[in-house]
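Student: Please see the structure below; I have some questions.
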Amino acid sequence: MNTPNINQIKSFFLSLQDEICQQLEQIDGKEKFTEQCWQREEGGGGRSRIMKEGTIFEQAGANFSHVSGDMLPLSATAHRPELVGRHYQAMGVSLVIHPLNPYIPTSHANVRFFIAEKEGEAPVWWFGGGFDLTPYYGFKEDAIHWHTTARNICRPYGEDVYPKYKEWCDNYFYIKHRNEARGIGGLFYDDLNTPDFEHCFNFTQDIGKGFLSAYLPIVEKRKEILWGERERQFQLYRRGRYVEFNLVWDRGTLFGLQSGGRTESILMSMPPLARWEHDYHPEPESAEAALYTDFLPAKNWI
């Protein structure tokens with residue numbers, strides 16, 4: 001089967017958003033997600049959910065959007081001139097979690113589907129997505145667990161899938177103007193449309209459903225670690241890098257803003273607090289320095 005079933009995809013994305021929100025509420029134990037539904041004049045809309053000031057999660061956002069239109073933004077057609085003049089639909093779930101405890105990493109996950117159609121021609125469609133981890137204080141066993149889970153999700157689809165999408169993730173979440181990675185990576189894929197729709201949809205479902213099994217054990221393991229002002233200040237400083245990447249380099253942010261998406265939802269990925277410090281350097285041999293030497297440089301964790 002190679003004809004995309006848009007209703008089937010939408011149904012999965014909505015149920016995935018529900019499942020992720022329920023599990024995050026359960027582990028936080030205090031706060032609930034609030035929901036805002038929105039419509040877009042050009043076509044489509046979405047539902048944005050956000051949790052604020054939880055016991056564990058300082059802010060967590062989970063967005064579903066399904067937008068359509070007759071003219072793609074420049075961020076989408078720059079590399080694909082064949083899409084000019086096609087009606088399009090873009091749909092996906094995006095998740096960004098900013099914990100309060102600096103020993104718990106920030107995490108991001110996304111699964112998405114895109115289709116562009118023109119009368120008399122075959123539709124152009126693909127899936128994309130992945131997940132990545134941004135620690136402030138690194139733990140080798142967490143990195144190994146994260147990447148082992150990612151590899152196990154990919155393995156049924158071929159032994160070459162994990163290394164390929166891990167490398168893509170390392171390259172994508174790289175802050176070029178800082179010459180450093182945003183975090184320790186994970187998986188990133190895009191333009192997935194072979195061998196057929198069913199294969200690509202199954203893989204995307206496994207990525208979406210597998211994210212929490214990669215992330216929540218790390219949250220559980222680190223949530224009781226005591227922290228103070230030093231750790232908090234370093235966390236806020238590193239969050240500044242997260243902001244820089246999302247506003248300067250992230251294609252999803254650019255696509256959303258250029259296509260007239262809901263700005264509040266697009267910028268939900270921003271941390272509630274961040275800071276900058278001119279010419280900061282961590283103390284040699286410190287836990288903060290270890291992030292730069294032992295965790296941010298791309299490596300094979302497993």
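The backbone N, Cα and C atoms fix where each Cβ goes, glycine too.
Found this in Swiss-Prot, in case it helps:
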type     : residues                                              : note
BINDING  : Ser94, Asn110, Val111, Arg112, Gly260, Gly261, Arg262 : substrate binding site
BINDING  : His98, His108, His147, His177                         : divalent metal cation binding site
ACT_SITE : His108                                                : active site, proton donor
SITE     : His177                                                : site 'Important for dimerization'
REGION   : 242-277                                               : region 'Important for dimerization'
Student: Using DSSP, what is the helix/strand/coil residue split across the region 'Important for dimerization' (242-277)?
Tutor: 22 helix, 0 strand, 14 coil
Student: Are there residues of the same chain, six or more positions away from His108 (divalent metal cation binding site), whose CB falls under 8 angstroms from its CB, and which are they?
Tutor: Ser94, Leu95, Val96, Ile97, Phe131, Asp132, Thr134, Ser269
Student: Which whole number is the mean pLDDT over the region 'Important for dimerization' (242-277)?
Tutor: 90
Student: Looking only at Ser94, Asn110, Val111, Arg112, Gly260, Gly261, Arg262, the residues listed as binding substrate, what is the longest Cα to Cα distance in Å?
Tutor: 20
Student: Measuring Cα to Cα, tell me the gap between His147 (divalent metal cation binding site) and Gly261 (substrate binding site) in whole angstrom.
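Tutor: Checking the Cα atoms of His147 (divalent metal cation binding site) and Gly261 (substrate binding site) gives a distance of 32 Å.
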Student: Below 8 Å Cβ to Cβ and six or more residues apart, same chain only. Which residues does that give for His98 (divalent metal cation binding site)?
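Tutor: Set apart from His98 (divalent metal cation binding site) by at least 6 residues yet with Cβ under 8 Å, we have Phe57, Glu58, Gln59, Ala60, Thr106, Arg239, Pro271, Pro272.
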Student: Kindly assign His147 (divalent metal cation binding site) to one of the three DSSP-derived states: helix, strand or coil.
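Tutor: DSSP call for His147 (divalent metal cation binding site): helix.
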Student: Hey, of the binding-site residues listed (Ser94, Asn110), which one tops the CB count within 10 A?
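Tutor: Answer by Cβ density within 10 Å: Ser94.
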Student: Tell me which residues of the chain lie with their Cβ under 8 angstroms from that of Gly261 (substrate binding site), as long as they are six or more apart in sequence?
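Tutor: Those within reach of Gly261 (substrate binding site), by Cβ under 8 Å and sequence separation of 6 or more, are Arg40, Ser65, Val67, Phe255.
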Student: Measuring Cα to Cα, how many Å separate Val111 (substrate binding site) from His177 (divalent metal cation binding site)?
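Tutor: For Val111 (substrate binding site) versus His177 (divalent metal cation binding site), the Cα atoms are 27 Å apart.
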Student: By the DSSP assignment reduced to helix, strand and coil, which category contains His177 (divalent metal cation binding site)?
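Tutor: For His177 (divalent metal cation binding site) - judged by DSSP and reduced to three states - the answer is coil.
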Student: Rounded to the nearest Å, what's the C-alpha distance separating Gly260 (substrate binding site) and His177 (divalent metal cation binding site)? Just drop the number here, would you?
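Tutor: Gly260 (substrate binding site) and His177 (divalent metal cation binding site) have their Cα atoms 27 Å apart.
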